[in-house]
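Quick paste of what TrEMBL says about this protein:
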type	residues	note
ACT_SITE	78	active site, nucleophile
ACT_SITE	202	active site, charge relay system
ACT_SITE	204	active site, charge relay system
BINDING	46, 47, 48, 108, 142, 143	L-glutamine binding site
């Protein structure tokens, strides 16, 4: 099994490093024909407008849409989430081209600008049920998007209370969301729909590989007979005992 990582811009090296820690080969994808050699694809975080322009330059959009339509597993993180959404709001003038396939509406830069990036402990019960480990995940949000609404076939894997992000409550997008949902005040940050997985945060920037392991299990080639090759921490102690030189540096 070979996992492709779209390597136009952004944190593709970090995703490849995470896959390597799980014993899985990740390869950089920059041309349409390279998609024929991978069983699944990760679209990393980065600057979504820049990534879209480069994808258009290399004529990648038709091949990426076909990859999704063929039912092959695709995971988008941060900018990758924007790419996979059927609809995106809050875009720059002129907007950007999307791959689509994920029945949701995404707000680009929902949580604010670069200086309003943050980390938080995110409860992930569905991931824990399959991958074990601590009940929460240290999620890194960098000028992050958020999912405003989802279709009936979309499974919500994680959401975040807006009150938990006190340092960015002044953002207009958050204020509007609070006004529209006074009782709950939560926003969706991770979803799954069929062969598509999407997160508004950056699992590749942590030493916790459970999201990568979860995604790898979406690949049809991985059955019960080969699941042992994916090494997933199952206890709190295993996270604590990681080497201090482990990459990435975030724990």
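Placed from the backbone N, Cα and C atoms, the Cβ positions cover glycine too.
Describe the structural context of these features.
The Cβ of residue 202 (active site, charge relay system) lies under 8 Å from the Cβ of 11, 14, 45, 77, 78, 139, 140, 141, 142, each of which sits 6+ residues away along the same chain.
The Cβ neighbour count for residue 204 (active site, charge relay system), using a 10 Å radius and every protein chain shown, is 28.
Annotation for residue 46 (L-glutamine binding site): same-chain Cβ neighbours under 8 Å, separated by at least 6 residues, are 8, 9, 10, 11, 78, 79.
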Would you mind ranking the binding-site residues 108, 143 by how many other Cβ atoms sit within 10 Å of each Cβ and giving me the lowest?
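Counting other Cβ atoms within 10 Å of each of the binding-site residues 108, 143, the minimum falls on 143.
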Between 78, 142, which of the recorded positions has its C-beta surrounded by the fewest other C-beta atoms within 10 Å?
142
So the record assigns 46, 47, 48, 108, 142, 143 to L-glutamine. If I measure every Cα pair among those residues, what is the longest distance in angstrom, as a whole number?
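Taking every pair among 46, 47, 48, 108, 142, 143, the longest Cα gap is 12 Å.
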Hey, for the L-glutamine site built from 46, 47, 48, 108, 142, 143, who else sits with CB inside 8 A of the CB center?
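Once 46, 47, 48, 108, 142, 143 are set aside, the remaining close residues are 10, 45, 78, 79, 82, 109, 144, 145.
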